[in-house]
Every structure is written in C-alpha cells, then in structure tokens.
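What follows is a single structure, written as structure tokens, with notes after it.
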Amino acid sequence: MANMLYFMGFLALSCSLALASDPSPLQDFCVAAPNGQVFVNGQFCKDPKQVTENDFFFSGLNKPGNTANPLGSKVTPVNVAQIPGLNTLGISAARIDFAPYGLNPPHIHPRGTEILTVLEGTLFVGFVTSNTENRLVTKVLQKGDVFVFPQGLIHFQRNAGYGNAVAIAALSSQNPGLIIVANSVFGSKPPIADDVLAKAFQVDKSVVDHLQSQFWMDN
C-alpha cells in the first residue's frame, strides 16, 4: 500500500511534465496507428472510431525486471510503443530495477526531462552539466525521494544499498529517446575509427580497440 501511495503521488507530480516539447494535441487524443507507410514526426492517428480502452492501457509495471545481466539493472519502458494512446500527449514512464550495486549507466534522453522516484532501496544518482563547466551534480536518494534529470544531460543511477532497489521515472516526451554513452561511442555500427577515439580520449589505440571489442548491452 505504501508503494502504491508513493506511485500515485509520483504520477500526480509527473502531470506537470505534460507541457513538453512534443507537439500538442489538437483533439482529445491521437492514438498511434501501427504500420504506417510514411514516416512522420511522431505517429499517425488511428481512426477514433476504432480506438478502444486497451489503446490507453499497459499491464505489468508491478513485475520486477530481470537484472541478471552485467549491468545489474533492467529498464521497463512505458512509452508510445507500449501505450499507443500516449501519442501527442508528451509523457511516458519507466520502471527501473536494480540488483545490489546495479547500474543504469551514463545515458542521455535527447527529447525528454526525467523525474525519478525511489520506491525501494537507496540510489546514488547524478548528472553532468554541459560544456564548458561539466559539473557533476549528485545525490543519494532514499525510498520516497524524487530527483530530476534535465533534458539532454548525461545522467546515471547506481544502487548504493545491499539489497534490490526499484525506481519509477516519468519523462516529458511520448518517446524521449535513449543514448547510452559507452554503447554509442564504443559500440557504434560501423565502429568509429580507433584513431579518432584515441585522440579524443587521449589514450593508446590498443585501449580503444579493446573497448570496441567488448559486448555493449542495453538494459
């Protein structure tokens, strides 16, 4: 019950994120239509007469994600891909599960600000401001604490406790996007030339080659 109260309070707080960078709706709703034949900025609208309650519904956010991976974390997204009714509404959510010392690695949401609430455990979180200051802003969060990650800034969350941790995030976009820094830099396809990365990071090319040979996973 306590977790549910935290979650309901969190959803109420996240409603302020609806004034987002996504296009504002010009009708009650614009449920995303699957399998559109033309690419648009967002999704085509489904015929309102064919819209059902399931277009606004997602089940399963109460189920823990599988954290048995090298990062020790699992993100369960709830965006327009899972709830078509989110199209044009400028909001989405995610559940993040952490094993002990699990990490949601440094990443960016290019199209959305994130507000995170801890439901269980203790998280060490932070973000880095933009050039040229590059200031690291960090905080240790306990159950019930809330933290904001501004749009487009590199940020992370790490489980700082001995047990499992759970957090819920709301984001100010139906599709906030995700760029995991390590994956993008060292796991791009095709790879970035090792001499480019060696010069950028001021390391030997053998270090870059080793990093590029690793398996860069998404969580």
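Quick reminder: no glycine exception, Cβ is built from N, Cα and C everywhere.
What TrEMBL annotates here:
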type     : residues                       : note
SIGNAL   : 1-20                           : signal peptide
DISULFID : Cys30-Cys45                    : disulfide bond
DOMAIN   : 59-209                         : domain 'Cupin type-1'
BINDING  : Asn104, His109, Glu114         : oxalate binding site
BINDING  : His107, His109, Glu114, His155 : Mn(2+) binding site
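For His109 (oxalate binding site), the nearest of the recorded positions Cys30, Cys45, His155 in terms of C-alpha separation is His155. Of all the recorded positions in the record (Cys30, Cys45, His155), the one with the smallest CA separation from Asn104 (oxalate binding site) is His155.
Surrounding the centroid of the Cβ atoms of His107, His109, Glu114, His155, where the record places Mn(2+), the chain contributes additional residues within 8 Å, namely Ile108, Gly112, Phe127, Phe149, Leu153, Ile154, Pro176, Leu178. In terms of C-alpha distance, the listed recorded positions Cys30, Cys45, Glu114 place Glu114 closest to His155 (Mn(2+) binding site). Closest by Cα distance to His107 (Mn(2+) binding site), from the recorded positions Cys30, Cys45, Glu114, is Glu114.
Annotated oxalate site Asn104, His109, Glu114; additional same-chain residues within 8 Å of its Cβ mean position, judged by their own Cβ, are Ala94, His107, Leu116, Phe149, His155, Gln157, Ala169, Leu171, Pro176, Leu178.
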